[in-house]
Amino acid sequence: MHLPSLSLSLTALAIASPSAAYPHFGSSQPVLHSSSDTTQSRADAIKAAFSHAWDGYLQYAFPHDELHPVSNGYGDSRNGWGASAVDALSTAVIMRNATIVNQILDHVGKIDYSKTNTTVSLFETTIRYLGGMLSGYDLLKGPVSDLVQNSSKIDVLLTQSKNLADVLKFAFDTPSGVPYNNLNITSGGNDGAKTNGLAVTGTLALEWTRLSDLTGDTTYADLSQKAESYLLNPQPKSAEPFPGLVGSNINISNGQFTDAQVSWNGGDDSYYEYLIKMYVYDPKRFGLYKDRWVAAAQSTMQHLASHPSSRPDLTFLASYNNGTLGLSSQHLTCFDGGSFLLGGTVLNRTDFINFGLDLVSGCHDTYNSTLTGIGPESFSWDTSDIPSSQQSLYEKAGFYITSGAYILRPEVIESFYYAWRVTGQETYRDWIWSAFSAVNDYCRTSSGFSGLTDVNAANGGSRYDNQESFLFAEVMKYSYMAFAEDAAWQVQPGSGNQFVFNTEAHPVRVSST
């Protein structure tokens, strides 16, 4: 999950015709659409795309946070610590690319997390940096222990994880224990916010608990779980309009909710995601988290499931506020099918699995209905506000586009991956391949992958000159794993998962293994 703002200025937008500036699949690019492709050749093509993005980042942007893949410049939106490198680590490990893994490990050992000139997001830093390092540690100390010969390089991952958490933990020093998100780590200050968001507060427990379990220092788990406690027992009771579904903002001073706006959209999403994932991580300690997820899932099926009038066969999730349903959704929200599938298979609930597959199909429709084969940043099925130019799209597809951007988000491919792993049905791998191929077609540049301004323009519109680090962590990983061999980190049907993925797709070893 990532906050819904695109965070893209006009200066980051390169106005260029992709057909002219970036011919699709020149002589150096793999052809991805051959009907004779085997599972192995698809896996190899995805690995090649990952290496293409890494090579461009290494040449033009490393050790900065991200590549600007149109201008071949760089950005430091994540504090200048090398976000793309740390986010790429677990994917490079899973792909068994020892060269890239060692390059990243060498970099991690040099990071000084106590120094930055920009505001630090507790949430983003936790899911990208802390999650990335802990995942690399768990993989390289566990099922991929043969990849790196120098064990001290691996040990640095845990040392640096602790160093980072020690820099960040003052965020929780509030009257309630609900943390500030936007931090000045130099002064020990914050932005003075009165509230924190549901997802920002509720997407910390997995990484901080894992750090405690690995180090034996319970401080980190205690801090994150204290913050979570207010979400698990929401006050006032009016903040929970349906069982398990809670408001969007929490007062930092007293831990009380300040609203009862309910959704699975950006800003709320990964709170629900982590409820069931904490149970997968340790069912003995986190039974309450599971109970709250089950309540939320049942309420979602009953109260938020929505079917467009033009396509009643489709299922999307509405939002809810004071008796009114909001008939709009986001690319970010499309993780929801994967969450229902994970919960359904772990808890042996076929109703959750079937509903999850319905959500996956709805999100597939947002990809399958555009000219690029990539889904939009946001969309709606509210018939009171359909633009005349999109009436035909709504009649055919069941939605219309409210923001046509694509910034390399992973959530649709992520849910396709869960559908494949839970059902074993080849359809979902085909959907992953189609989505990955579309990204490779329309987003690929000479040095990496760029975002698009309009997924329903024949050429994807213009280019956003930014390559988010989650391209490495999520899009490439979920795509690759669908065509890779079974392994300890892969999602398993039933309750046999040895790893669980954080919201940035970094797999951490579950507590009991």
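All residue numbers here begin at 1 and follow the chain in the order shown.
Cβ coordinates are placed from backbone N, Cα and C, and glycine is handled just like the others.
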Second cysteine of the disulfide that Swiss-Prot assigns to Cys363, among Cys334, Cys443:
Cys334
Measuring Cα to Cα, how many Å separate Asn97 (N-linked glycosylation site) from Asn368 (N-linked glycosylation site)?
33
How many whole Å apart are the CA atoms of Cys363 (disulfide bond) and Asn184 (N-linked glycosylation site)?
38
What does the structure give for the C-alpha distance between Cys334 (disulfide bond) and Asn184 (N-linked glycosylation site)? Integer Å is fine.
32
Using C-alpha positions only, work out which of the recorded positions Asn117, Glu377, Thr503 is nearest to Asn251 (N-linked glycosylation site).
Thr503
Just going by other Cβ atoms within 10 Å, which of the recorded positions Asn117, Asn251, Thr503 has the emptiest spot?
Asn117
When you put Asn117 (N-linked glycosylation site) at the centre and draw a 10 Å sphere around its Cα, which of the recorded positions Asn184, Asn322, Asn348, Asn368, Glu377, Thr503 have their Cα inside it?
Asn184
Give me the Cα-Cα distance between Asn150 (N-linked glycosylation site) and Thr503 (Ca(2+) binding site), rounded to a whole Å.
29
Around the Cβ of Asn322 (N-linked glycosylation site), how many other Cβ atoms lie within 10 Å? Please give the count over every shown protein chain.
8
